[in-house]
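Taken from Swiss-Prot, the feature topological domain 'Cytoplasmic' applies to 1-30, 98-115, supported by sequence analysis. Here Swiss-Prot flags 52-76, 137-174 as topological domain 'Peroxisomal'. Under the heading transmembrane segment, Swiss-Prot lists 31-51, 77-97, 116-136, 175-196.
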Amino acid sequence: MAPAASKLRAEAGLGPLPRRALSQYLRLLRLYPVLTKAATSGILSALGNFLAQLIEKKQKKENCSQKLDVSGPLRYAIYGFFFTGPLGHFFYLLMERWIPSEVPLAGIKRLLLDRLLFAPAFLSLFFLVMNFLEGQDTAAFAAKMKSGFWPALRMNWRVWTPVQFININYIPVQFRVLFANLVALFWYAYLASLGK
């Protein structure tokens, strides 16, 4: 029986290493939820920026091993660790308190809260922090906000609204930051594939 079960696990791709990694992640998530989400956000944000750079270089037919901007993934790691993970953790918990699932139309109300309050505030914070991490002055921040905020927010609303509907209504609260980070990883790659 054991060899058959072992073979079935191997065929399903659920070997002992992924199983242990998942078990460890869940344990850390239970013991240190904010730190675990912060670390996960930092790693996935950096990976997303790195992947975006590789895609851009490949599209331009450049050598992918040369001239990678290591400061980009570092900035995204800092932003993910100190902002995305912790803020996402507390926002989703507060959302559960403010709009319990028993409230009529809770899913729609949560989505509106996320899209109309959290998304614009979080996008503004992103522009501010990235501006600071890039060593830019307040004039550069104001220029980025003026030229880039509304287009970025409109694109955010178009792309992330269905994602957040699923996240808020169907993903357990402890996994919402991870789900959003995994989608963001592909979002960065998609933007890079468009040459943005």
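Including glycine, each Cβ sits where the backbone N, Cα and C put it.
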**Asked** Short question: which residues 6 or more past the ends of the topological domain 'Cytoplasmic' (98-115) have a Cβ under 8 Å from it?
**Response** 91, 157, 160-161, 164-165, 168-169
**Prompt:** If you run through the topological domain 'Peroxisomal' (137-174) with DSSP, how many residues end up as helix, strand and coil?
**Reply:** 35 helix, 0 strand, 3 coil
**Asked** For the topological domain 'Peroxisomal' (52-76), what is the mean per-residue pLDDT, to the nearest integer?
**Response** 82
**Cβ-Cβ under 8 Å with the topological domain 'Peroxisomal' (137-174): same-chain residues at least 6 beyond its ends** = 29, 33, 92-93, 95-96, 107, 110-111, 114-115, 119-120, 123-124, 127-128, 131, 180, 183, 187
**Complete:** Reduced to three DSSP states, the topological domain 'Peroxisomal' (52-76) has 14 helix, 0 strand, 11 coil
